[in-house]
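Over in TrEMBL, the protein carries these features:
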- 2-91: domain 'Polysaccharide chain length determinant N-terminal' (DOMAIN)
- 16-38: transmembrane segment (TRANSMEM)
- 172-193: transmembrane segment (TRANSMEM)
């Protein structure tokens with residue numbers, strides 16, 4: 001049975017209970033699971049400022065630092081994510097129990113547009129661990145830069161929070177996403193059920209399927225309706241019999 005746009009609202013209304021059930025079930029389950037069973041992660045970041053150039057003999061200020069740093073920032077970003085550098089971090093800080101794969105998964109390197117600044121962010125299950133790993137990566141990379149490339153140097157700026165909050169999970173955000181997705185799935189399921197149901201339910205279905213015009217419609221009848229009809233028929237029969245006796 002082909003569905004028309006004008007029927008969509010009726011289908012949603014008819015299957016509203018099913019849609020709400022799916023939304024409530026999925027949303028509440030996701031919220032409870034993310035709040036109780038997903039371990040939160042914290043993020044710590046360091047900023048690495050790239051400097052380069054020769055010092056002015058009079059002022060002591062390095063010439064073209066910013067321009068050269070901007071040119072080098074993308075190169076430094078790629079270098080920082082290489083296995084060679086991360087293996088050095090693992091070797092020099094065995095107490096952190098790191099692996100290259102774990103670093104690649106939990107570390108993020110970003111650039112700031114039009115600046116010679118790299119941001120190294122690390123996520124761990126505690127803020128202290130995230131800070132230690134971020135410092136380890138920054139220190140190793142700073143020491144390796146002169147050996148890898150003969151241009152530029154790094155200055156590390158540590159960013160620390162006195163009251164860190166977990167960055168993941170966000171139960172509220174997860175719940176909102178789950179509600180939206182389940183709402184879409186619920187509506188889609190309602191349309192699918194209606195589409196697969198080829199039974200005739202109304203005179204409109206008769207017209208659409210058979211091309212016939214309905215002359216009359218018999219409404220749905222309940223057992224109570226039949227009992228009432230029998231009671232009325234019985235009373236009418238008694239009245240007829242009584243009238244016949246009186247006439248005689």
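Yeah, the Cβs are placed from backbone N, Cα and C, and that goes for glycine too.
Whatever TrEMBL says is automated annotation, not expert-curated.
Sorting each residue of the domain 'Polysaccharide chain length determinant N-terminal' (2-91) by its DSSP state yields 56 helix, 13 strand, 21 coil. Per-residue pLDDT, averaged over the domain 'Polysaccharide chain length determinant N-terminal' (2-91), rounds to 80.
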